[in-house]
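Novice: My structure is below; once you've seen it, I'll send some questions.
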Amino acid sequence: MLMIKPLNPIFFLSPLIFTLVGSIITGLFGTKFFNNLIGRKTSHSITIFSILIAFLCSIITFNKLIINNFIYNYNLYTLLTFYNIKLEIGFLIDYLTVLMMCIITFISLIVHIYSTYYMKKDSGYNRFFSYISFFTFSMLLLVMSNNLFQLFLGWEIVGMASYLLIGFWYDKPLAITANLKAFLINRIGDIGLILGICLLFNYIGSMNYIKIFSCSINIAHLNLPNTNCMLITIICICLFIGAMAKSAQFPLHTWLPDSMEGPTPASALIHAATMVTAGIFMITRMSPLFELSNTALSIILFIGAITAFFMGLLGIIQNDIKRIIAYSTLSQLGYMTVGLGVSAYTVSIFHLMTHAFFKALLFLSAGSIIINMKHNQDIRNMGGLYKYMPITCITSLIGLLSLVGAPFFSGFYSKDSIINATYFSQITGSKFAYFLLLISVFITSFYSFRMYFLIFFGKENFKNIKNFPIDKKPNESSFSILFSLIILSIPSILIGFFSIKNFLFQSFFKNIIIINQAHYSLEKLRNEYQSPLKMVFQSINSPILWLSIFGFICAYYLYIVNPKVRIIIKRYFCWFYILMKNQYYINKINELIFIKYTYLFGNFLWNFIDKFLIDELIINNIAKIIIKTSKYIKFFQSGYLYHYIFTVIITFLGFLIYFIPFSINK
């Protein structure tokens, strides 16, 4: 057990303070409300500087933890005290926290730099930089908390920030529909998260992580009142429902592909380092609870495997470049969830880290392509771009090779580790999950290289785009975009090789209080591979590598060698194509079952309760009575003295008639 030591709060709170202040300054003084006191250059300079300071502070904090071998637990402020119950604002700075801080601030810094060119013609330039800085603040608040109350606070704020970014172009109906969909589906997940937090608070009496972990064994054998269900299982399932919505797991995944309606840099930020990984982080943080329930782990394993497989399939038939990458995010989140289900928390976080870099690289490379295609995102309208955009072509290839798990690239080490951890696991359903993950390897390789071939090779279809100039050819993007792509390419290649020792062979999270691997031991993987290089060499005999190669061959044959075969396949499997085109009809099922009846119920509340009962019977009737009464009363307000005297006499006689009988009886 690592020692807990206080840390100067001013230092470790700097990332939070700088990102929030940068967002506020840009959001207030860069808008029409304050007459645009700061210009575009000042706006992005302030936010980039604040994110840079946040990143440097995160790196220094990381270094301090490594050197001192301490974790830092600090309660900053007591928000509410009721008897022995306290709700506090506090921070737990351990290895998991600083790792997330470094990932979030680094990706955010690159996205900020990238956006200076990508958003330069947008009228909401200052507003965009305020939003992404605020987004970074909200995610930092979530990962740095030391209690569930503050985690939920950050959870909701990051949801609000994503709502603003997805609907950034608020004059587009699709963008407004997408951010509303994301908001509503995440509220469904929040119901589960709130129930889980309330159950923990009710039985343990605290929301502090350390208190919960130390007392969790006391509720491990309790049943939920009046049921035969284990209390700890219900708590874990409720928490996982929250993670399902935030990390877009089946069937609460439908909001994520639609979130592509926001600007591309925002998509990179949401998919790579922030919102969608919040659920993975939360389950890892609460791992001592999940280790007490085999049932909850099996459910997590099953949902993750289903998501990885079926969402990968949907990537095959997409033609929008951003949607293809979005479905790859869904599939990779399924891999991470499977890692959690087999108690391989370190490996799951390892993949979260490598995925952040290569997925940000893919999205920002896509943005570079979209700019040159005059914001046309259909990959069928591209082709032959390798001649005009060689750097973007290379960086896209690096991202794809890492995504498919090619040896020596970062994704290889983390993705293969999850698949092999699933193979070695004894959790119920692990063999089923392993089988689905193997098929997903082929699927990922196929849709990745399909996208790559259609964009960079083949016929130059961009000449058919309506608004594309006939006499103009695509060219490389600006320095800020290429700089961002090159910087992200470096960790997409190297970080897996240089960090796997910490996550797998030397156990970066060794003896840390947040990790408890009761069901799964990394020793099996260590004994199997022994070193990163041996892992690469042994992959030659692994089905994982050969499935990736087979996916590449199939994509090359169908989209380069003999494209006509695709027509034949589509003809014979048209039913399956229609099924995937309609996303397994999940949206239609939601519309028919949930949305339809929710609408009818809301219509009933509006028409009967609000309009008839409240407005008509209560408010309007009272108003009508007052109006009718006032019509009669106004006759006595004529202004003539004798009318007022008459009114006083009549009123006086009325009092006498009413009170005299009571006096006689007494």
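Each residue, glycine too, has its Cβ placed from N, Cα and C.
From TrEMBL, here are the annotated features:
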- 12-34: transmembrane segment (TRANSMEM)
- 46-72: transmembrane segment (TRANSMEM)
- 82-129: domain 'NADH-Ubiquinone oxidoreductase (complex I) chain 5 N-terminal' (DOMAIN)
- 92-116: transmembrane segment (TRANSMEM)
- 145-424: domain 'NADH:quinone oxidoreductase/Mrp antiporter transmembrane' (DOMAIN)
- 151-170: transmembrane segment (TRANSMEM)
- 182-204: transmembrane segment (TRANSMEM)
- 224-245: transmembrane segment (TRANSMEM)
- 266-284: transmembrane segment (TRANSMEM)
- 296-317: transmembrane segment (TRANSMEM)
- 324-350: transmembrane segment (TRANSMEM)
- 356-373: transmembrane segment (TRANSMEM)
- 479-500: transmembrane segment (TRANSMEM)
- 641-660: transmembrane segment (TRANSMEM)
Novice: Between the transmembrane segment (266-284) and the transmembrane segment (324-350), do 3 or more CB pairs sit under 8 angstroms, pairs being 6 or more residues apart?
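Specialist: Taking Cβ pairs at least 6 residues apart, the transmembrane segment (266-284) and the transmembrane segment (324-350) are in contact, with 3 or more under 8 Å.
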Novice: Within the same chain, where does the transmembrane segment (266-284) have neighbours whose Cβ lies under 8 angstroms from its own Cβ atoms, ignoring anything closer than 6 residues to its ends? I mean 6 or more beyond.
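Specialist: Long-range Cβ neighbours of the transmembrane segment (266-284): 96, 100, 103-104, 106-108, 111, 114, 128, 131-132, 135-136, 139, 142-143, 151, 155, 158-159, 162, 165-166, 168, 239-240, 242-249, 256, 259-260, 290, 300, 322, 325-326, 329, 333, 336-337, 340, 345, 348-349, 352, 355-357, 359-360, 363-364, 367, 514-515.
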Novice: Reported in the order helix, strand, coil, what are the DSSP residue counts of the domain 'NADH-Ubiquinone oxidoreductase (complex I) chain 5 N-terminal' (82-129)?
Specialist: 29 helix, 10 strand, 9 coil
Novice: Three or more CB pairs closer than 8 Å, sequence separation of 6 or more: does that hold for the transmembrane segment (356-373) against the transmembrane segment (224-245)?
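Specialist: In this chain the transmembrane segment (356-373) does not contact the transmembrane segment (224-245) - fewer than 3 Cβ pairs sit under 8 Å.
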Novice: Looking only at residues six or more beyond either end of the transmembrane segment (182-204), which have a C-beta under 8 A from one in the stretch?
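Specialist: Long-range Cβ neighbours of the transmembrane segment (182-204): 148-149, 152, 155-156, 159, 162-163, 166, 211-212, 215-216, 218-219, 222, 231, 234-246, 252, 254-256, 258-259, 289.
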Novice: Let me know the model's mean pLDDT on the domain 'NADH-Ubiquinone oxidoreductase (complex I) chain 5 N-terminal' (82-129).
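Specialist: Here the predicted model's pLDDT, averaged over the domain 'NADH-Ubiquinone oxidoreductase (complex I) chain 5 N-terminal' (82-129), is 88.
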Novice: I need to check the long-range neighbours of the transmembrane segment (479-500): which residues 6 or more away from its ends have a CB within less than 8 Å of a CB in the stretch?
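Specialist: Here the qualifying positions are 110-111, 113-114, 116-118, 350, 353-354, 357-358, 360-361, 364-365, 367-368, 371, 391-392, 394-395, 398-399, 402, 408-414, 417, 508, 532, 535.
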